Amino acid sequence: MSRTRTTPGRRVESDVVDIGEHEFESGEILPDLKVAYEAYGEFDGQNAVLVCHGLTGSQHVAGHGTESGVSGQARAWWGDIVGPGKAIDTNDYYVICVNVPGSCYGTSGPASEGPDGEPWGTDFPPVTVHDWTRAQRRLLDHLGVGRLHAVVGGSVGGMNALDWAVQFPDDVERLAVVASAARLDSQCLGIDAVARRAITSDPNWNGGDYYGEERPSPDAGLGLARQLGHLMYLSKDSMERKFGRRSAGRGERGDAFPSDPAASFFPYREVESYLDYQAEKFAERFDANAYLYLTRAMDDFDLSEGYESDAAALAAFEGEALLVSFTGDWHFTTEQSESLAGAFRRGDVPVAHHVVESDHGHDAFLVEPEKVGPPLADFVDEGVAGRAVTDTAPDGGEPDEDEDFAPVHSSLFSR
């Protein structure tokens, strides 16, 4: 059932819509794909902004004004960027965020009910980023939204945004890709593979059939997968600053995972305590099968698939593009964003590659709104000519290929 809440400066619509029969890229067909979304602000026919969430995110991108003291997924994942008076201002824009197929926050996925009344489990069709984009397009059709003023995405949500420029190039005026890339590199592919094996090696995973109150969930495997993710999202400098080699009180969480008998002789360190805490909290809110499905979709995405190059894939896009990367992000590097910027430039797409100096790793796009907000706000409002938007090729040309890539760093304050 649709829920609409209106408070001063906030109009929020939250719903799950049955968009009907949906054929996945795999060829499998779901007779009734359900899609969960939240929408903020008022639609005037030209001001729609689609925000694409990250790997384990949800449609809950912005706050409802009643979130004091809440944590986890109950708290908006980008509430410092999206909302009334924020960088993506819901007083000006109609902002939609859609939970992607394969996830577990209301959209159909492995944990949702199948035709037999039981959870799908691993019988749910494989999903791809292309499936996400097409489901979003159908949901927007249901809402009466045609051309989008902007599509904005961070991390794998940035891949989702890029896919919009390929599948529906005429439907997007401005494209903002934050902390993302045209594809994963082999190191990230390897880490994702180990994370999935942590889940499938948990005896409680049981081939993906673990649903029901009487059955234990593969929380240990899912927790280990999440711990790998957190190591991936932080930078070496930020981890050293946050934890160092300091010891922590073992407490209850020190026994969250089996350990060898000698472990009691050695210190239980703060970094271990942090990872155990994150594992515990993640297992409370996420589904292990969904993690398998969504990491597969991310691993599979390749912008140039079916084309000769990234530039060829983007050739039909005639809007403007902003790429935001972070110097401390080794998950999606500034070099990967610069390569992507080159693909846009070769297609004569107005593009800016805005590099932010940060040592917060991949998480910078979530934890440094004071640096992310200004370029996003100005780009959504004004395009690449926005005052706070910088570029690695300030003259609008291509960086000198004979020289090492040297990004133009930015330290930004409020608008």
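Including glycine, each Cβ sits where the backbone N, Cα and C put it.
Quick caveat, the model's predicted, so the values are computed rather than measured.
Annotated features, as they stand in Swiss-Prot:
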- 47-369: domain 'AB hydrolase-1' (DOMAIN)
- Ser155: active site, nucleophile (ACT_SITE)
- Arg226, Asp363: substrate binding site (BINDING)
- Asp329: active site (ACT_SITE)
- His362: active site (ACT_SITE)
- 383-415: region 'Disordered' (REGION)
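Ranking the recorded positions Arg226, Asp329, His362 by the distance of their Cα atoms from the Cα of Ser155 (active site, nucleophile) places His362 first.
Under DSSP, His362 (active site) is assigned to a helix (H, G or I) in the three-state scheme.
Of all the recorded positions listed here (Asp329, Asp363), it is Asp363 whose C-beta has the fewest other C-beta atoms within 10 angstroms.
On the backbone, the CA of Asp329 (active site) and the CA of His362 (active site) stand 5 Å apart. Averaged over the domain 'AB hydrolase-1' (47-369), the predicted model has a pLDDT of 94.
Taking the C-alpha positions, the distance from His362 (active site) to Arg226 (substrate binding site) comes to 14 Å. Secondary structure at Arg226 (substrate binding site), taken from DSSP and collapsed to helix, strand or coil, is helix. Of all the Cβ atoms in the protein chains shown, 23 others lie within 10 Å of the Cβ of Arg226 (substrate binding site). Using a 10 Å Cβ-Cβ cutoff, His362 (active site) registers 25 neighbours.
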